[in-house]
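Notes for the one structure printed next.
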Amino acid sequence: MNKSKVTSKKVVAETKVVNNKKSEPIAVSEPKKSVSKPTTTATTTVSKSPVSTITTQILGKRTKTPVVRDEENEDEKLDFGNIDLNNYNSEDDEDYESEEDDEGDDEEDVESQNGSIVYSESEEEEEGGINKALLEAEESLVEYQSEDDSGSISSKSSSSTTTTTTTTKKTNNDEEEVAPNKQWTNDPNQFYDSDDSSEDESLVNRIGNIPLEWYDDYDHIGYDVDGNKIMKTESMKDSIDKYLDQQDPNFWRTVYDKVNDKKVVLSDDDMALLKSIQNKHFIPGYDPYADWYDSGNNHPDSIHPMHNAPVPKRSFFPNGTDEEREIRRLTKAIRMGWIKLNKKGKKGEKDKKDGNFDLWADEGEEKEKTKGIRRIAAPKQKLPGNVESFNPPEEYLLNENELKAWHLMDPRERPHNFIPQKYQSLRQLPIYNKLIKERFERCLDLYLCPRTTRVKQFTKDPTKFLPTLPKPQDLRPFPSHEEIQFLGHKARVRSISISPNGQWLASGSDDCTIKIWEVSSTRCLYSLEVESEVQTVAWNPNPIYNILAVGYSNKIIIITPPLFGTQTEHSPETEKILTKPPTDSSTEQQQNKSVNWYQVTGADKAKLLEKGVRIEIHHPFTVKNLTWHYKGDYFSTTSPEEGTRSVKIHHLSKRATQSPFRKSKTPNQVTRFHPNKPIFFVADQNIIRVYDLMKQELIKKLITGCRYISSIDIHPQGDNVIMGGYDKKVCWFDLDLSVRPYKVLNYHKMAVRKVIYHPTLPLFASCSDDLSIHVFHGMVYDDLLQNALIVPLKILKTHESINDLGVLDIVFHPKQPWIFSSGADSTIRLYTN
């Protein structure tokens, strides 16, 4: 079926001669001058059928059959004048067929004539009549459909018609032009011209909005619009084919269409659009600042936005706000004369408005005149609470233990300066004896203490004040959980110590026993019962000596535990240091007559010899602390009850004792030796003194700010000191930095019992009566310009509280990231990583 397209043009066509094979002009009769209606322009070929039949076919098909246009066939345009059927014969038909053959060869020549109509020389005379009829036509658009190559048309002229044939080609410029009076038919496909585009044209796969994974196991990806399978092409390529595709010069602009399983090459416009989006620019051709003018013609109901403005927000609020009511009140008061305004103004106000000032006045004089004294109200006294009542609740009254703790507490740290008491009636209440003193202190505060106002600063992000610390997970290994419990003691375990090789653990308890445990198996291999509670135990830090020192009551005993068999199996160094007779010690003994050395011998000491007890050292007072020198030949003891001579240094190989300090304001509590230098640390209740043993002089004093020191320890490198106190403080000192603490850590809720450094790893820990063991990462750098790094790692809390006592002692394993702890619950616990 031939599909044709009818257009209307009001342009006068140019006439040109078409050469055919016979080189004969086409015979065309002169058209009649009287034309009742304009002729139509259509693309068709006139057949030999009668005119009446042609008219019937045209009218019937125009009203019933919809026109289907073929986008692939080019449209033709024919101009019809008055057709003369008398001059039409069979010879002309043969000539016409020969001309059709020539038209195929000359098609390119016809199209290159800018869409103009080609006529022969004999048609020049009728050109004027035809063009005139075309210009007068108002409805020149006729769309029809013919079933064969020859179409039939009937003109609506009352006069006789004349037959003529004219073959034309419509160019691209003519296709773009659309008649203003074009009439559309009921054909649903009439709008889909070759120039139209839609989003569905590129969509070949018509499976709909379903997951494409459903087609992974098939050889096709879906179906087209006709229901045919779309076989996989691009997705079936292997790596070699994909590599060869990179040779394509347009590979960099080729994208893969997953739905249609094909590759799409992006055009220059697409690349420009993507580049604009990437650079956050507007798309090409878009003007964001184009001028806008609305004439009002676009609104069919003649409603202009100026007359149909949106409702303002103020209409949703109640009539009259507080500010409006206040303004109305003041306005009425001024109008009625109730409020009188000072129209004259203050003196100097005019100069201020003009910007003038006294050039020769003293500097600051103007400010003093205008600056007033800002009065700050006196702070109000705190209102009395339930604890100050004459009949307070039972929970506010102190029991015996709380009363003792209240008396031992510093007055500045007490929650209140009186002891709550309970009376049955108000008449039994005595006179408050501190009333005059409190009133006097109140008066002193009012006229002597400066007053200030605190401005609360709002901080959006309080975390910015915190230091940037590494994550604990990046600082492993460190002890993180409880692994083993050593059970055997019946009372609180006051002290524990680990051997230099990390194989044996010694412990001393209030049940008057000394036990040695094997760390790997938790078996108790040695047990010794003494006369009183064990205060301290300490292994010799030198691994060549198998010596354990134990302090209980006023005695120090030196033990060589029979862990390796009989005494003869001990190392010769151990036997040598214990059996060497004292030499040149007469002067030292004269200086320390209060300290006596005894060799354990005889039948009465047979049980002690079997247990490995070799030497006994008797002191005048109870020994609380014992520490070894790193070489293992010296150790020091501390007896706080002795006063000025509380610190003593013992020489094991010479069996000698000396008191280096003769005067002391406060009793000494703890002593420590430097790990690799002849430096001695002595701590009293609130100050740590550092002495040089070679020069016998004081090097420096460390100001702790602590009220009662309980424990100190020295870093393995010797340049840092850590201290713990009964006032819940832990202080880190950098000896190269200052005599004051580098860091003060207040994280324990009760008294700190022990602080220690790890011998080999950058770890330190502290234990307290609050049942917690805090493990920290403490890195000390060789660079003196870089401060130590302190990072909290883990809080271990597994002990139980007995009589308000918690963890009493802790010690690190010499090689592993393990920590041992002993508590008032008579248990020893091992924490591992």
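Note: Cβ is positioned from N, Cα and C throughout, glycine not excepted.
Swiss-Prot annotations:
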REGION    20-202  region 'Disordered'
COMPBIAS  36-56  compositional bias 'Low complexity'
COMPBIAS  90-111  compositional bias 'Acidic residues'
COMPBIAS  136-150  compositional bias 'Acidic residues'
COMPBIAS  154-170  compositional bias 'Low complexity'
COMPBIAS  182-192  compositional bias 'Polar residues'
COMPBIAS  193-202  compositional bias 'Acidic residues'
REPEAT    331-370  repeat 'WD 1'
REPEAT    488-527  repeat 'WD 2'
REPEAT    529-569  repeat 'WD 3'
REGION    568-592  region 'Disordered'
COMPBIAS  582-592  compositional bias 'Polar residues'
REPEAT    618-660  repeat 'WD 4'
REPEAT    663-701  repeat 'WD 5'
REPEAT    704-743  repeat 'WD 6'
REPEAT    747-786  repeat 'WD 7'
REPEAT    802-833  repeat 'WD 8'
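Counting residue by residue with DSSP, the repeat 'WD 7' (747-786) contains 0 helix, 19 strand, 21 coil. Counting Cβ pairs under 8 Å that are 6 or more residues apart, the repeat 'WD 8' (802-833) and the repeat 'WD 2' (488-527) reach 3 or more and are in contact. Nonlocal intrachain contacts for the repeat 'WD 5' (663-701), taken as residues 6+ away from its ends with a CB within less than 8 angstroms of a stretch CB, comprise 624-625, 627-630, 634, 636, 638, 640-644, 646-647, 707-718, 721, 723, 733, 735, 739. Nonlocal intrachain contacts for the repeat 'WD 2' (488-527), taken as residues 6+ away from its ends with a CB within less than 8 angstroms of a stretch CB, comprise 533-543, 548, 550, 552, 559, 561-563, 611-612, 802, 805, 808-816, 820-828, 830. Applying DSSP to the repeat 'WD 5' (663-701) sorts its residues as follows: 0 helix, 20 strand, 19 coil.
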